[in-house]
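Asker: This is the structure, below, for whatever I ask next.
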């Protein structure tokens, strides 16, 4: 009789897709999937190990399950970095699976059921799933993430992604479009393209970046919203901006992780080319696409970051008027160049700088959101709050999980795009009412 398996997903949306493929494969093989860990014979945990706090959450989850005596299958980034340590410290782990091996999850479970303790971790991940691999989506019905490439060829000083995910490997345009059509047939209204560096999509496969060509091809798919995450500054070329302009279903939403503004800090981060580009890039986007939404992520407390460097970053944020900003305190990670740099910043200073920068951005976000008041915009309805008699959704300026939401009054329907008049704004969210023409 097939075993019952509970699955826990931790970490980023790239990890989520891997989890969804494992769920699809297990279900196809006849295994029972249950959200209740108490009823499951096995618990599969897809872990994150990108930065310290994520690793702590993964370890805490594993320890809690071990204390309950569960048979644990550990997948994802944590085994990729700490295979031997996990096998030694968590005897309840009946199997571990690396980031390049999740497509063999059925084999792993079957071998573990015979009593074998399975360790399947490729030293260098090379696998990437395509449209033929089964997938069981865990997002709302109308939203799907689509991985266009895996891995990264860059070596930023603070980042361990190349160790966790390997070098970049892109999927063919035809494969991505085929999966997008599958998702459209399932009722998906918003498709979110993800990879480590989306603007480098195709470089390894075609000899040059081809994100613009991919977007044009996806313009022929019946999905109203196509959103791109993880754009690299140098990849936002005129050709790409033109593709966004000319492709009706591609949202002018630019998620561009800049990390810092000061040339000295960027040089230490191994991103020296970026400093002169930042301001000109933002100006060019807004000139071409006045309705563009701009999101970035920044790191404070990087080794050697002085108060002058931090002041430069604050001035840059104030001048740039981003719609959304995520701020991370630098996390010192083994196997990165930054771990060995002099001038490591005390935790208290990192926390203070993060707090100060977030407070600065709150004022800007309030102003940017307030500019939406009075407009009628499409909102994707994702949830109903029956107690408060409101709907929760997102306009095109909000990406799931990382940005805000729109609180909607009036008659709406789940998983549909509804016209909403925006009536109020906070630093993070909007309020509105269903618009009757």
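Quick reminder: no glycine exception, Cβ is built from N, Cα and C everywhere.
Just lifted these from Swiss-Prot, have a look:
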- 3-114: domain 'MTTase N-terminal' (DOMAIN)
- 12, 48, 77: [4Fe-4S] cluster 1 binding site (BINDING)
- 138-367: domain 'Radical SAM core' (DOMAIN)
- 152, 156, 159: [4Fe-4S] cluster 2 binding site (BINDING)
- 370-436: domain 'TRAM' (DOMAIN)
Asker: Counting Cβ neighbours within 10 Å across all chains shown, tell me which of the binding-site residues 48, 77, 152, 159 comes out on top.
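Answerer: Per the Cβ count, the most surrounded site is 77.
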Asker: Specify the count of other C-beta atoms within 10 Å of the C-beta of residue 156 ([4Fe-4S] cluster 2 binding site).
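Answerer: The answer is 19.
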Asker: What does the structure give for the C-alpha distance between residue 152 ([4Fe-4S] cluster 2 binding site) and residue 48 ([4Fe-4S] cluster 1 binding site)? Integer Å is fine.
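Answerer: Residue 48 ([4Fe-4S] cluster 1 binding site) has its Cα 17 Å from the Cα of residue 152 ([4Fe-4S] cluster 2 binding site).
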Asker: Give me the Cα-Cα distance between residue 156 ([4Fe-4S] cluster 2 binding site) and residue 77 ([4Fe-4S] cluster 1 binding site), rounded to a whole Å.
Answerer: 18
Asker: For the recorded [4Fe-4S] cluster 1 site formed by 12, 48, 77, name the remaining residues of the chain with Cβ within 8 Å of the site's Cβ center, in chain order.
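Answerer: Near the [4Fe-4S] cluster 1 site, the remaining chain residues are 10, 11, 14, 15, 47, 49, 50, 54, 76, 164.
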Asker: Measure from the Cβ of residue 12 ([4Fe-4S] cluster 1 binding site) and count the other Cβ atoms within 10 Å, all protein chains considered.
Answerer: 18
Asker: To the nearest Å, how far is the Cα of residue 12 ([4Fe-4S] cluster 1 binding site) from the Cα of residue 159 ([4Fe-4S] cluster 2 binding site)?
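Answerer: Residue 12 ([4Fe-4S] cluster 1 binding site) to residue 159 ([4Fe-4S] cluster 2 binding site), Cα-Cα distance: 15 Å.
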